[in-house]
Amino acid sequence: MLAVGRMEDEEGPEYGKPDFVLLDQLTMEDFMKNLELRFEKGRIYTYIGEVLVSVNPYQELPLYGPEAIAKYQGRELYERPPHLYAVANAAYKAMKRRSRDTCIVISGESGAGKTEASKHIMQYIAAVTNPSQRAEVERVKNVLLKSTCVLEAFGNARTNRNHNSSRFGKYMDINFDFKGDPVGGHIHSYLLEKSRVLKQHVGERNFHAFYQLLRGSEDQELQGLHLERNPAVYNFTRQGAGLNMGVHNALDSDEKSHQGVMEAMRIIGFSPDEVESIHRILAAILHLGNIEFVETEENGPQKGGLEVADEALVGYVAKLTATPRDLVLRTLLARTVASGGREVIEKSHTVAEASYARDACAKAMYQRLFEWVVNKINSIMEPRNRDPRCDGKDTVIGVLDIYGFEVFPVNSFEQFCINYCNEKLQQLFIQLILKQEQEEYEREGIAWQTIEYFNNATIVELVEQPHRGILAVLDEACSTAGPITDRIFLQTLDTHHRHHPHYSSRQLCPTDKTMEFGRDFQIKHYAGDVTYSVEGFIDKNRDSLFQDFKRLLYNSVDPTLRAMWPDGQQDITEVTKRPLTAGTLFKNSMVALVENLASKEPFYVRCIKPNEDKVAGRLDEAHCRHQVEYLGLLENVRVRRAGFASRQPYPRFLLRYKMTCEYTWPNHLLGSDRDAVSALLEQHGLQGDVAFGHSKLFIRSPRTLVTLEQSRARLIPIIVLLLQKAWRGTLARWHCRRLRAIYTIMRWFRRHKVRAHLIELQRRFQAARQPPLYGRDLVWPTPPAVLQPFQDTCRVLFSRWRARQLVKNIPPSDMIQIKAKVAAMGALQGLRQDWGCQRAWARDYLSSDTDNPTASHLFAEQLKALREKDGFGSVLFSSHVRKVNRFRKSRDRALLLTDRYLYKLEPGRQYRVMRAVPLEAVTGLSVTSGRDQLVVLHAQGYDDLVVCLHRSQPPLDNRIGELVGMLAAHCQGEGRTLEVRVSDCIPLSQRGARRLISVEPRPEQPEPDFQSSRSTFTLLWPSH
């Protein structure tokens, strides 16, 4: 049994050798003993240098998770026991250190654990990146991790060799920014085994997605899809109805997996409508598989009459694909053909033809669905808003998880392509690890003992050779008009490859009874002999589907389904180019994949399947030995023991490590780069672990590189500070010079603008001294910002100068009136219609014989007495008024305003003083906006005085402005503000009571008078 233990930092000798390179004797027996010992001790990982050998334990081991990731993060390969995390970390560090694309190639036969290995690699990369928790990077990481779950549902199935076998090839590129955080990705898929949709071997299942839909969906959803929960009801899922996804984990039920896939699709970014469309397409495929065709009795087989046994299924398919039912039925029973004259002919199917078309449609629908899912994930993972000029060049880590070598009881076209793919990858491994390495040693003049290995190039050539290769012969058979059968194709292969050492058939080897005449051929692959049945080769290679189905599904109302069939928009009469065959497309994709991998720095994970029964803790020595042999692991160990861990051109080596040696920093003065490298290594004491080639340095041990990297890492912060200091100083000097230039330009430009502005001012104000306007209508030019305060001051000075020019000829006796009018204009602010500006102001109207002919002498006597008593200096204003008191009674009174007091006088009693209010107590007055003479005087500590100026000559003369102006001018002279309010409804206060007063014009009113109500006063004003 497999010993399950926790991963320790170091491994003792009881666990065997952690690296096969360290074996004392390099034989197959020693290799297998070490592999078996480590497997029994729970050590499923072993190195061959930097290549990781992984044995599938078929059980969960406590080797993974955040704690294990922390132990491997930032470490070198030899510092921790062998692990997938170590390989992922090495690929990630190589990418960051050298800014070079890397790839991790995971290979091995079906069931060896490749898919699980790729998951752990993705988990490690996601865990060690994005320490700053950038939202966009987190989004990309979530999509990368969750995409595996979705692709497994649609691309994996249970086989007899593997409970979760990838039935497609997957290569994922992960894009990283200059900080090493993932910013995007792209998934390439290869050769989905779509024939599995129709039929599976005994003990196998269809793709997981079908069973997850049936067993994991809610009853209401299944009812809407016209589905039953039992997979045995449907032809396409009946074979695997009694099987589960896997046996290792009880949680791996279809129901729980369906929930996980739905959550993953939500996180990735599939909309609810898109998920619903996916379920409808899966349901339509299941219903399509249950459609049976029968010949109609009335027509008979000779007339080709055909009908569907259960037309309800046609309705289900039509509803789920959002297409017309009649069109679905017609497409299933017949096909349309365009003749040479562009005439469209409808040709009815036979039962066999209709069944073939139905199956082709089901396979194509699932393939298009799978491709759409992959493209959807790619569109979401695509790097967004990446500009190499700003963000730097992106680097890439590629992860290849592709189907392993397969040998089934009956091997068809799919197994042929899968095994060809594995031959190509093995050829790449041979080229990079064995062949190119030995050739480089010879080219560089390094002493080397040649190691023999099997080169599978001849097998690859057998498959892909132009004109004569198996794929070329198959394409020729597909393109030839006439009754070309699989048997004729086999005969052609026998003719072309009769003498090929890796090809055989029953015709060429009649004694080999493992093959049937006219059906089988055999290829001696690097992994073993595989017999292929040619039945279905031509049909699967053509991969044909009637155009009627493409047009039908393209015209679907469902936008998701419609997007999967862009080729359906072609008209039936349109002549199209023959599409490339499935084999050619796969070959081209493999060539492109190998070229892509060859352009990157590779890291290898070689997966081994311990036994055929998928039993935990059991290692079948013979089965594992066979895998070790065909994977070339022993040869890999030999090359590694005799070879070097790293090689670098001298200039590149110096560029990276020259700062660690005083003779090479910053630039060496030695004869050549090779001499400089030698001096650098001698200073570190590492010259014994290297070999000098013609143009490259070869380093034997990874520890040498680690030593140099550690020295470099210690010096980098010092160099960075030095560079930062120099660069910041340069930037500061550049900035200072730029500022000086800016200020010089600003200074001269400012002078220019000031000079131009002053010249313009001088030009405009040349005629400002000419009377009578003195420049009143001149427009001031807009000044530069720097001159705005200066111009504001100039405008004030100009206004004062102009005012001086206007008033200097006015007699001194009129200046009091002028100042009062100016004060009135400012106080009223244009809110009153007429305020007597155009007439002369007499001010003291009670002393005037014109206004007060009968009592002017009496007022003069009273005025003299008041002047002697109160000591005021001048009379500001006097007039007869009509006043209203708090008792709502109106009386004739006189108003006298002096420079010290405001007097209310009684004209009927020789102008006796009724009230005297100190002028400093007067805080404001209120007037209306009309021509009436109402005024309310407000004084602090006194009732408001409500009066109407009247008994003037001429009658109703407008004297409100005169009162306002004289009082406002006097207050200005004393340095205080008089509040003047203009309102048609004036509030007032008398003995604490609040009232309102307004004006009502009346034509019949002979003289102004007051009318009162409970809380209001109204001035009745003659309007004639």
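We number each residue from 1, going along the chain as drawn.
Glycine too: its Cβ is placed from the backbone N, Cα and C atoms.
Since we're looking at a predicted model, the values are computed, not measured.
Among the ranges 314-336, 590-612, 705-727, 820-842, the one that Swiss-Prot lists as region 'Actin-binding' is 590-612. Counting only same-chain residues 6+ beyond the ends of the region 'Actin-binding' (590-612), those with a CB under 8 A from a CB of the stretch are 35, 39, 48, 50-58, 84, 87, 90-91, 94, 98, 100-114, 117, 161, 171, 188, 190, 396, 398, 400, 404, 420-421, 424-425, 427-429, 431-433, 464, 618-620, 623-624, 627-628, 631, 633.
Helix, strand and coil residue tallies for the domain 'IQ' (716-745), in that order: 30 helix, 0 strand, 0 coil [DSSP]. Looking just at the domain 'TH1' (830-1023), the mean pLDDT is 90. Residue counts for the region 'Disordered' (999-1024) under DSSP (helix as H, G, I; strand as E, B; rest coil) come to 0 helix, 15 strand, 11 coil. Applying an 8 A CB threshold to same-chain residues 6+ apart, the list for T115 (ATP binding site) reads E152, N156, N164, S166, D401.
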